[in-house]
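Reading through the structure tokens given below for one structure.
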Amino acid sequence: MNELLLNVVDPLHQWFLGLGDGGVLLWTVLKILLIAVPVIVTVAFYVVWERKLIGWMHVRHGPMYVGMGIFQAFADVFKLLFKEILQPSSSHKAMFIIAPLLTLAPAFAAWSVVPFDAKLVLSNANVGLLYLLAMTSLGVYGIILAGWASNSKYAFLGAMRSAAQVVSYEIAMGFALVGVMIASGSVNLSQIVFAQAGSSGFFDWFLIPLFPLFIVYWVSGVAETNRAPFDVVEGESEIVAGHMVEYSGGAFALFFLAEYANMILVSFLISIFFLGGWLSPIQGWVTADISPWVNWLWTGGWPWLLMKVFFFASAYIWFRASFPRYRYDQIMRLGWKVFIPLTIVWIAVTALMVFYGVIQKGV
């Protein structure tokens with residue numbers, strides 16, 4: 001991977017810069033495509049995996065046609081793109097169209113600072129953690145706008161639920177990341193991973209000393225993405241599809257894409273903040289040099305990150321198939337009366353662990 005960056009990406013970057021302002025613009029467009037295209041393709045296969053896994057849990061087959069079910073999601077996208085986008089006559093026309101774009105843009109923009117390996121990151125920003133908090137907070141504005149612009153009581157009720165839920169759990173997520181920042185001494189995502197490197201393998205990860213914050217961040221991530229059992233925003237039995245009830249065709253597909261892109265993003269972030277990112281769980285236990293195709297098992301690399309992400313992404317599906325939906329008041333009580341006090345207490349505990357040397361990589 002490093003050879004690819006050195007021999008292909010860097011010369012290509014310099015060539016674009018040599019074209020002047022137009023080259024800079026083209027390079028920016030290329031970087032946007034490098035984010036958007038892999039995310040869209042990953043979401044498509046993730047949807048197929050979700051339908052297959054839930055099918056197996058329900059003792060069904062799941063998708064079986066369109067390439068044995070593998071390309072079912074692509075067929076669904078093709079169908080949605082050619083459906084008519086209907087707008088309620090009483091809706092606010094401009095805001096109705098802007099809302100799904102405003103939801104999708106932050107979901108894509110957040111990926112620009114996510115490191116896949118020590119050298120594989122689009123923008124190795126020194127304030128990556130703060131940037132992520134900002135981007136993940138912006139998506140709710142599109143949801144609120146969709147509920148208001150639809151001029152529907154069901155859509156507006158779903159939007160208000162989403163606003164309250166996201167604000168509530170955003171606080172808990174932010175406090176959980178304060179603990180990560182104290183333990184690592186950095187807000188750079190790559191440096192947070194390096195702070196978990198050591199000769200003890202997974203014992204050096206933040207999962208063990210910050211376990212309560214890990215649970216809070218994981219559950220809050222599920223609530224932030226409005227997934228089961230926290231899916232009161234679009235509870236089918238109560239408010240049909242919530243803020244998306246008046247949307248159809250490509251506009252509905254954009255909301256759908258943003259939701260699943262955020263689910264995969266949260267899976268990446270949990271792996272980076274608490275499970276050592278691309279680090280191997282047995283790093284430092286084996287020092288043999290066999291071949292580059294085998295060494296990653298104990299030295300770490302992007303395959304380890306993808307395996308961790310796959311586990312958390314599959315857990316989203318397991319939650320959906322297993323747990324009943326919480327009531328709205330139960331969700332609010334969990335966020336405000338349990339998670340926020342717990343994170344505040346554990347921030348103090350983390351500071352003490354850093355001060356007394358229990359966590360060696362802190363400030």
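Keep in mind that glycine also has a Cβ here, set from the backbone N, Cα and C atoms.
Here the structure is a predicted model, which means the values were calculated and not measured.
Swiss-Prot lists 29-49 (among others) with the feature transmembrane segment. Using a Cβ-Cβ cut-off under 8 Å and counting only residues 6 or more beyond its ends in the same chain, the transmembrane segment (29-49) has close neighbours at 16, 63, 69-74, 76-77, 108-109, 111-112, 122, 257, 260-261, 263-264, 313-314, 317.
Annotation comment: Swiss-Prot describes 62-82 (among others) as transmembrane segment, evidence class sequence analysis.
Sequence annotations record features per position, and here Swiss-Prot assigns transmembrane segment to 96-116 (among others). Away from its own ends, the transmembrane segment (96-116) comes close to residues 31-32, 35-36, 39, 87-88, 122-125, 128, 131-132, 135-139, 141-143, 145-146, 149-150, 189-190, 193, 246-247, 251-252, 254-255, 257-258, 261-262, 265, 268-269, 272, 277-278, 302, 305 of its chain (Cβ-Cβ under 8 Å, at least six residues beyond either end).
If you look up Swiss-Prot, you'll see 127-147 (among others) marked as transmembrane segment, on the strength of sequence analysis. Long-range contacts of the transmembrane segment (127-147) within its own chain (CB-CB distance under 8 A, at least 6 residues past either end) are made by residues 95-96, 98-107, 109-110, 113, 155-160, 162-163, 166-167, 170, 173-174, 177, 180-181, 187-190, 192, 224, 233, 242-244, 247, 255, 258, 262, 265, 269.
Here the transmembrane segment (163-183) has Cβ contacts under 8 Å with residues 129, 133, 136-137, 139-140, 143-144, 192, 195, 206, 209-210, 213-214, 216-217, 220-221, 223-224, 226, 230, 232-233, 273-274, 331-332, 335-336, 339-340, 343-344, 346-347, 350-351, 353-354, 359, 361-363 of the same chain, all six or more residues outside its ends. As annotated by Swiss-Prot, transmembrane segment applies to 163-183 (among others), with the evidence given as sequence analysis.
Beyond the ends of the transmembrane segment (202-222), by six or more residues, the same chain brings 169-170, 172-173, 175-177, 179-180, 183-184, 195-196, 229-230, 266, 269-270, 273-276, 279, 281-282, 312, 316, 319, 334-335, 339, 342-343, 346, 350, 353, 358-359 to within a C-beta distance below 8 angstroms of the stretch. Marked as transmembrane segment by Swiss-Prot on the basis of sequence analysis: 202-222 (among others).
Outside the transmembrane segment (239-257) by six or more residues, the chain places 40, 43, 77, 80-88, 91, 96-97, 100-101, 103-104, 107, 143-144, 146-147, 150, 152, 154-155, 157-159, 161-162, 233 with a CB less than 8 A from a CB of the stretch. The transmembrane segment feature in Swiss-Prot is assigned to 239-257 (among others).
The transmembrane segment feature in Swiss-Prot is assigned to 264-286 (among others).
Feature annotation from Swiss-Prot assigns transmembrane segment to 299-319 (among others); the stated evidence is sequence analysis. Outside the transmembrane segment (299-319), and at least 6 residues removed from its termini, the chain residues within Cβ reach (under 8 Å) are 1, 46, 49-50, 53-54, 57, 116-117, 120, 197, 218, 222, 225, 227-229, 263-264, 266-268, 270-272, 275-281, 283.
Counting residues 6+ beyond its ends, the transmembrane segment (339-359) has Cβ neighbours under 8 Å at 169, 171-172, 175-176, 178-179, 182-183, 209-210, 212-213, 216, 219-220 in the same chain. The transmembrane segment feature in Swiss-Prot is assigned to 339-359 (among others).
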